[in-house]
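Undergrad: Found this in TrEMBL, in case it helps:
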- 138-286: domain 'Tim44-like' (DOMAIN)
- 307-329: compositional bias 'Basic and acidic residues' (COMPBIAS)
- 307-336: region 'Disordered' (REGION)
Amino acid sequence: MASITSISRIAVKFLQLPQTGFLAPCLQNVAAQQQVRHRRTKHWDPKWKRLRKEKFVKMEIPNLNEDVKTMSQDEIKSRMKERGLLPPRPWLERPFHISCTGGVFEPYIPPEGDGKMSAVSKEGAKQKFEQLEKKTKSMMAIRKIRSYDDDFEPPEFAGYAQDIYIDTHNTLAAKNKYKLREIVTERAYPELIHNVSDKTIHWKFLKSLEPPRVVHARCTDVISKDNIFAQVTVRFHSQQILAIYDRFGRLMHGSETIAKDCLEYVVFEKHVSNEYGVWRLHEKIIPDWMPPKSPAYITYRVDDEPPKAMEEKREEAGKEVTKADEVQGEKVATTA
């Protein structure tokens, strides 16, 4: 019995090997009819066997070798309809970045006389009431700023704002445009550098007559409620020296020896909702009651005697006029 089983195994192996000769086709047909299974050909985990025998859906695979550039619009539309795709929409939106506001929202109106009117008078009492109303709104805005910046304190910020103010004027006098863009907003930059290219500016900060203080604070949202900008107005009362020269070295404004007292209200802005936002100079508020600045010294050259060339041109023009009058008179005489 053992010899029969060994002979059958040898015969099966013999049928599995490729044979040559006239008996090979017959033997191969016999081997194809019977199933041959070995231990090494059976999968060890037949868990998907039941699913493999189920029905399957043939998917149409797109032809990736098609060149879209050579296809017409009708062919492209038909291909997209077959696959259930929508035509591409043109991108009409433009990304933009808002780094600062376009002006001062709820600007601070400095009280006439710098708010030093007597509270007993009618105007003084009205000023005090308006200041109290504005102060409550400023406190609400400061609380809003502190929700984003925990270290914000108005007295400390006033000193920091004075450093920005001095740095801005020194940078403007040095005409360092690259550094100026970092410490002023995009709105204030063109106003600062306007008509400065051919001028020489000498500016010096001498001292503060009064410590700077925060007088106004406001917050607003742009586009969305989470995109918040903050503006803080700081009052500066200082002593400065300013002298401006034109391109020929002539003094246009101010003096390098005479110091003047300056009372200014400067607005600083910050994008508080931005994690990397910084305080920058935004605008300067000039009240209506403040006296105007002294105009520039304008000089002209007045000659007592006109140049000879102009006299010769005038004489030639007079001769041409007289000749024209003579010709016109002759024509009138001939017609008469």
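Just so it is clear, glycine is given a Cβ too, placed from its N, Cα and C backbone atoms.
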Undergrad: Looking at the domain 'Tim44-like' (138-286) alone, can you tell me the average pLDDT?
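TA: On average, pLDDT over the domain 'Tim44-like' (138-286) sits at 92.
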Undergrad: So, by DSSP, how many helix, strand and coil residues make up the domain 'Tim44-like' (138-286)?
TA: 45 helix, 67 strand, 37 coil
